[in-house]
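Okay, structure first, notes after.
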Amino acid sequence: MSEPTSTDREKQPPLNGRRALPSNNSNAEENDVPEMDAFGLIPRGFNPKDYLRVVDIHMFKEPHEINKQQHHTDKYFNPKLIVRRGQPFQIQIDFSRPYEPEKDQVWLEYLIGRYPQQNKGTYIPILIGDVLKPGEWGAKITHKENNSIRLSIMSSATCIVGKFRLYVAIGTPFGIIRTHRNSVTDTYILFNPWCQLDAVYLDDEKEREEYVLNDVGIVFHGDINEVKLRSWSYGQFEENILDACLFLMDKAELELSGRGNPIKICRVASAMINSKDDNGVLAGSWDNLYAYGVPPSAWTGSVDILLEYYSSKQPVRYGQCWVFAGVFNTFLRCLGIPARLITNYSSAHDNNANLQLDYFLDEEGQMDNKLTKDSVWNYHCWNEAWMTRPDLPVGFGGWQAVDGTPQETSDGMYRCGPASVQAIKHGHVCFQFDAPFVYAEVNSDIVYSRMGKNGSQVIEKIDTNSVGKLIVTKGVGSDEMVEITENYKFQEGSPEERLALETAVMYGVKKQTTPPTTYRPQKDVEMDLQVQKAVIGSDFKVTIIFKNLSRNSYTATTYLSGNIVFYTGVVKNEFKKHSFSAKLEPLSSSASDVMIKSSEYLNDLLDQASFHFFVTARINETGKILAVEKAVVLEMPTLRIKTKGEAVIGREMSVVVEFTNPLKQILENVTLRLEGPGVLRTMKKEFRQIPVMSTLIWEVKCIPERPGLRKLIASLNCDTLRHVYGELNIQVRKP
């Protein structure tokens, strides 16, 4: 490259004493590439037109042409060439006269960023040769006709992922002549799960179709007793989404030379998806107040969020775990890293990483909310990304847990992962990154304790198998729920599980291994809690069952506390208190019902209609305490979606969304959202109010753009009612 001119020098940022060149961490920035690079003084008679000239370059970049078809990039709504690394692609160069290899010196140059350097992989000169080596940069002529040559170009299977600029250079005795800057020839290079040499190689075609090419997915939510699901539109191929994902890495100032490494990209993105400490994509809010923003439950997909961030450069409000995970999944799939969204039911958020969640009770046996800092989330969503881990011992590649929800800091920033799922299962939590935190999310014990009269801590109950009881994801090629708990942990109580725990403890996960001496539970009485399934707005009953296994008669002073909770297990308020005395006859069972009326809970209900019932009973004869708790989620009404007219590409059709208000009150300021990748862009509509038991009907016209099975997803939101969804699969056919 030539000497910088004086204007170049003015534009360059001030150098510091530590590096010869400023850091090259923006894909969007460019340098000026001279069209004539002279080797010295140019003789007076020199005329560049006497040498070979490039007239045109054909990129074969249309969705139906060879490159996008072979590279599985034909779904991207993007006019430029998009290819995957480590796999050949074709271009054609038209010259001013026939190309003569003996006489003409021609090579290609791919550049990325503002300070291209060959040793950093940001300046790539490619000579035209005779053979292509797998997974290494190279070019060879496959066809010559008149003044044109057809080239097959191979990119390196480890090259930087991003948008490259292309120049064709021609050597003359006096200097190098280059094509001028032409953005039409820009080439995006992505990760390649189809290439065996790529770190993200996945060998199953059905899995690649699901984890890379599927643009809709499913979020499992609710709680372990009431699993619920809703669709999410990832939209990784929609217009400007690829550029928005590259912008994320620019915003995080990830050095371009590190952008070929999926481990680095995942770690940086897990910090960038949340807005804490780096002004990232989404601001989290868990307090049920969503002023000046969109409530997390209203989003139907990632596209609106990423596009808003790309244009405003400011955090989008608001997200909760499934929103962070949905956007993260879009980012990973868009760049070509196989990814899936997973849900862990009864997920521990243990704030001092001792593998136990401490629930403190007061004298009466009620939960002490001032002392209790740990919480069990009804569910928590994170992502898994598929890659090799050359930084770890053999055997720890494959699925890696990554989490964009800000919970705890890691190396000073709110981020989590990539942590090898295999390492978590076997307790090898010493391997980077953040394995101890994920291990605790799926493996903690819940310990109920209270302060004794003399200030000692009395443990009333240890629950070893509630946390991380069910871990699920969407099935490959279907909407089924697939359980993947055994990827994270061995069977509770098995010798392998004990060994994995001992390994984790050896590597520094803190755990009290022996129960303290004061722990002597009441063994001969069992207490259970059952809650009737209920739809929001209706009354339901809670049943407390005692089983006396002994030959003694007992009386139990029983206290039921009903709390409205966030899905993170944090209590908002207690809405129901009920105490009674139960008589426990020898060797028999007894049941007591408590009615919960809708008038008691409706005014305070939060987003996800989650309750937490907590029952404690003191056996008066022995002074021992029994404790049991249960999370409950109410059933939500659904939106009905139907279509009018045939679903054919390029023809107008209608989508109708209907909703009936089931509550005994008027719904006010209701927002409806509807989207369907390839069928319609996100539409929004506001309704002032929906009276009791009345039905709202909203009709939208649209023109489908893509064939095949498509999904329409709708959500309804107002202050009284959130998490109301509907969806419909439609088959769009070609005209």
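The backbone N, Cα and C atoms fix where each Cβ goes, and this holds for glycine too.
Over in TrEMBL, the protein carries these features:
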type: COMPBIAS; residues: 1-12; note: compositional bias 'Basic and acidic residues'
type: REGION; residues: 1-32; note: region 'Disordered'
type: DOMAIN; residues: 313-406; note: domain 'Transglutaminase-like'
type: ACT_SITE; residues: CYS321; note: active site
type: ACT_SITE; residues: HIS380; note: active site
type: ACT_SITE; residues: ASP403; note: active site
type: BINDING; residues: ASN443, ASP445, GLU492, GLU497; note: Ca(2+) binding site
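Known features from TrEMBL, placed on the structure.
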residue	record	CB count, 10 Å
CYS321	active site	27
HIS380	active site	27
ASP403	active site	30
ASN443	Ca(2+) binding site	24
ASP445	Ca(2+) binding site	20
GLU492	Ca(2+) binding site	12
GLU497	Ca(2+) binding site	16
Counting by DSSP secondary structure, give me helix, strand and coil numbers for the domain 'Transglutaminase-like' (313-406).
15 helix, 41 strand, 38 coil
To test your reading of the Ca(2+) site: which residues beyond ASN443, ASP445, GLU492, GLU497, same chain only, put their Cβ within 8 Å of the Cβ centroid of those residues?
THR464, ASN465, VAL467, GLY468, LYS489, GLY493, LEU501
Express the predicted model's confidence over the domain 'Transglutaminase-like' (313-406) as a mean pLDDT, rounded to an integer.
90
Out of CYS321, HIS380, ASP403, which of these active-site residues is nearest GLU492 (Ca(2+) binding site) by C-alpha distance?
HIS380
Between HIS380 (active site) and GLU497 (Ca(2+) binding site): CA-CA distance (Å):
22
